[in-house]
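Taken verbatim from Swiss-Prot:
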REGION    1-182  region 'Large ATPase domain (RuvB-L)'
BINDING   Leu21, Arg22, Gly63, Lys66, Thr67, Thr68, Glu129, Asp130, Phe131, Arg172, Tyr182, Arg219  ATP binding site
BINDING   Thr67  Mg(2+) binding site
REGION    183-253  region 'Small ATPAse domain (RuvB-S)'
REGION    256-332  region 'Head domain (RuvB-H)'
BINDING   Arg311, Arg316  DNA binding site
Amino acid sequence: MDSRIITTHMNWEEDAAELSLRPRYLNEYIGQQHVKENLKIFIEAAKMRKESLDHVLLYGPPGLGKTTLSQIIANELGVNIRTTSGPAIERPGDLAAILTNLQEGDVLFIDEIHRLNRSVEEVLYPAMEDFALDIIIGKGPSARSVRLDLPPFTLVGATTRAGMLSAPLRDRFGVVNRLEFYTVPELTFIVSRAADILQVVIREGGAEEIARRSRGTPRVANRLLKRVRDFAQVKGEGVITTEIAKEALERLQVDACGLDHIDHKLLLAIIDRFDGGPVGLDTIAATIGEESQTVEDVCEPYLMQIGFMQRTPRGRVLTPSAYQHFGREMKS
């Protein structure tokens, strides 16, 4: 995949810096108001009953704050959090080792939970439902099942693909929340807050310009802020103004709608080679040299959100807005 400044995926080099910008409690968390308000009630109720919070599923496009919310849940409950991911848990024994090391009330966060294999999922079912672990001892006819009690815990699962979760796993989550793209005012506030943490002077217009080009995603907004900060230090006396933000983002090839060179390549390929569609996902991916999953998970959600693309039974189709963005006329 091409390197892109607006990617919604986290890389290891950025992780530590990103952590410093993340809110730690619900009252610091910007946006996702309905999710935040409901979680606050559920957490307070669990604390009043002195019980573990019901299991929580968070889903939505990458970069919207699922990992951050899992940490906030643990902080609000005043418990420890253990973090892992679906691909990292390869065998039932891996999950058993994690579960048996949890303390009462702890939060277990599993990112990309849709990528758990079925044998691991089956170990998770009794753990979620009964706080128990079923272990098979021996082999063949003499094999027997032994049940170990686990301390009550809260599983927080995160996924960009809720539809790929098996029904038995999905049904065991008591709290299910979808995270939505952020508005420009919300992102402007997030950018201003991050600038304050980074000790960067930013004007309101500069924060709004970055927010407008951040694809509705806080992770992208924070990444763009850091790069615009570099331009401001060298060319703007350390102050991020509207003009500095515009110049920096244009140099980074992020346009006024938040689209980068890969989005442009994708949209222009559909316009020029397929007359605006319909065209299949795999064909688009092959045409622009990207993986189908990247196109589907990273590019398409935002293009559909801003009304540039539609998914139809016959394939992807561009809208008149996409043509207007490039100054093209749509063929009738």
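Numbers here mean position along the shown chain, with the first residue as 1.
Positions of Cβ are set from backbone N, Cα and C atoms, glycine also.
Packing around Tyr182 (ATP binding site) is summarised by its Cβ count: 25 other Cβ atoms lie within 10 angstroms of its Cβ, all protein chains included. On the 0 to 100 pLDDT scale, the region 'Large ATPase domain (RuvB-L)' (1-182) averages 86 in the predicted structure. Summary: among the binding-site residues (Arg311, Arg316), the fewest other C-beta atoms within 10 A of the C-beta are counted at Arg311.
Separating the Cα atoms of Gly63 (ATP binding site) and Arg311 (DNA binding site) is a whole-number distance of 22 Å. For the region 'Small ATPAse domain (RuvB-S)' (183-253), the DSSP-based tally of helix, strand and coil residues reads 51 helix, 4 strand, 16 coil. When secondary structure is read from DSSP and collapsed to three states, Phe131 (ATP binding site) falls in the coil class. In the three-state DSSP classification, Gly63 (ATP binding site) falls within coil.
Across Leu21, Arg22, Gly63, Lys66, Thr67, Thr68, Glu129, Asp130, Phe131, Arg172, Tyr182, Arg219, which the record gives as binding ATP, the greatest C-alpha separation is 37 Å.
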